[in-house]
Amino acid sequence: RLGSVVAYFTSAKFLLYIGHALSTWGDRMWHFAVSVFLVELYGNSLLLTAVYGLVVAGSVLLLGAIIGDWVDKNSRLKVAQTSLVVQNASVILCGVILMIIFLFKTQLLTLYHGWLLTMCYILVITIANIANLASTATAITIQRDWIVVVAGEDRSKLADMNATIRRIDQLTNILAPMAVGQIMTFGSPMIGCGFISGWNLMSMCVEYLLLWKVYQKTPSLALKSAKVEESELKQLNVKKESDIKPAEGVQLIVEKDLSGFEPAQEKEMSCSARIAEPFITFRDGWVAYYNQPVFLAGMGLAFLYMTVLGFDCITTGYAYTQGLSGSVLSLLMGASAVTGILGTVAFTWLRRKCGLVRTGLISGVAQLACLVLCAISVFMPGSPLDLTVSPFADISARLFESEPLPTIASPEVKPGMVFATGMPNLLNGSTTPANSDPEMSPEPVPLISVSLLFAGVIAARVGLWSFDLTVTQLLQENVVESERGIINGVQNSMNYLLDLLHFIMVILAPNPEAFGLLVLISVSFVAMGHIMYFRFAQKSLGKQLFVCCTPHPKAVSDSSPPDNTSTV
């Protein structure tokens, strides 16, 4: 028994979990802290945070396919180590720059009429964006490729590993921001920068070692599929069908040879061809994504990002306008993490009982059923929905009445100021709802509407995370190994595109009276996403769509091809 315990703790699977936990913990701390730092630096305005979010989303949207293609064309160890070093080095550098800005902010303001400080802001956002792109590459190579290889042919093991990775994500989503938030509250933003930089330096060294250990313990990681040239594939098709093996369109290349392999044509590539190469890769990536058998399933997952029904800054800001305190919101976020973990447990159980594709169907129905509560909450007492108020009233006032926005030098901005969106000042602990006056005692807002809203959001996390894991494993099992990087890069781009659209939707209709409309639009997009998945399941299963039973031991995944074939 002791030997089996030791074997588990030294296995490649466990080492992969530890590395992912360290990486995710650092990521969550940084993503939380950088937004707060930018708010604090720019006079409690959300402008820099909004610019940062826009740059990050736009970069992944444009470069997702190119990053994925880079992952496909290079050795696994090289990709993992390079992205790890670039990501952590960027965060460390950002932390150092932010510490300098916090220390010498007043002096920087007076130099070159404040342009030097503006350049520092641009530098921070640029480096932070590079860190996010490197994090995207790390997620693609570890969560979409390494895990599949470590699990081998055992799809049950793959499902368990995916579920464990998501549980780690759920826990770090809550605990990491809490930890760095306490350091920033009881210390200072500068101490928070120093702590995050030190953590990333230590974490980078440990993760680098863990990656090397996993690579040594899994010899199959040293083999990587590479696509054969199109002309060679045409020659293969001339052969008799009986002579062609299912995987003959793919050849295995040892990774140490892959990185140094350069065809003669590539060496003679002209300057114009090199300039056009990223655009061709971008086009080819989206075309390949569209041609995947799991295209509709991936689109269904992406549509779930077009929603305000999550625990992001938008929903949190709305909750403050409805009178919920910070302590209540923290409890609700904890409850959402618990239901998210339950979703990962439900995924593994449903997959064993009903198969992978049907698990996605059941998860989708469960999520939609819970989101009905959110739609009902729009019309319940306490809902600020007012159809007589134009959703664009706030933005129209700013455009046509020239309402001033707070700037870094604005004398009206006070340290305890609450943002116009309802977001509290996270550094000084203010939790006063937006547009409130402490001298006035307004009538309490009925909590029926907001209670139903968050009950639906929290309960829907079970179906959401189970569905997310379903689509993740479908992509892992049904995308050919040589295209995993580029296909998952495009999937990330689609997710960011829909996420970006949801922020644009909020920018166009930011007033609380319009939030009910945003809820209904969000439920509609989630429903459209699950309709796409239903269509995919219908194609995959046909008449057996609604038959749910314990599958044959060999038929663990009812959508995937037999183990001796490869689906392109």
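The first residue you see is number 1, and the count goes up from there.
Just so you know, glycine gets a Cβ as well, placed from its N, Cα and C.
So that you can see what the record holds, here are the features copied from TrEMBL:
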TRANSMEM  5-26  transmembrane segment
TRANSMEM  46-71  transmembrane segment
TRANSMEM  83-104  transmembrane segment
TRANSMEM  110-134  transmembrane segment
TRANSMEM  294-320  transmembrane segment
TRANSMEM  326-349  transmembrane segment
TRANSMEM  361-380  transmembrane segment
TRANSMEM  445-464  transmembrane segment
TRANSMEM  485-508  transmembrane segment
TRANSMEM  514-534  transmembrane segment
Determine whether the transmembrane segment (485-508) and the transmembrane segment (46-71) share at least three Cβ pairs under 8 Å, counting only pairs 6 or more apart in sequence.
yes
Same-chain Cβ contacts of the transmembrane segment (46-71) under 8 Å, 6 or more residues past its ends?
34-35, 38-39, 79, 121, 125-126, 128-129, 132-133, 136-137, 140-141, 145, 278, 281-282, 284-286, 289, 405, 419, 421, 423, 484-493, 496-497, 499-500, 503
Among the ranges 5-26, 294-320, 445-464, the one whose Cβ pairs under 8 Å to the transmembrane segment (326-349) are most numerous:
445-464
Could you tell me whether the transmembrane segment (361-380) and the transmembrane segment (514-534) are in contact, taking contact to mean 3+ Cβ pairs under 8 Å with a sequence separation of 6 or more?
yes
Residues of the parent chain within Cβ reach of the transmembrane segment (294-320), under 8 Å, 6 or more residues beyond its termini:
35, 329, 332-333, 336, 360, 364, 371, 374, 418-419, 421-424, 431-434, 450, 454, 456-457, 460, 464, 467-468, 470-471, 474-475, 478-479, 491, 494-499, 501-503, 505-506, 512, 515, 518-519, 522-523, 525-526, 528-533, 535-536, 539, 559
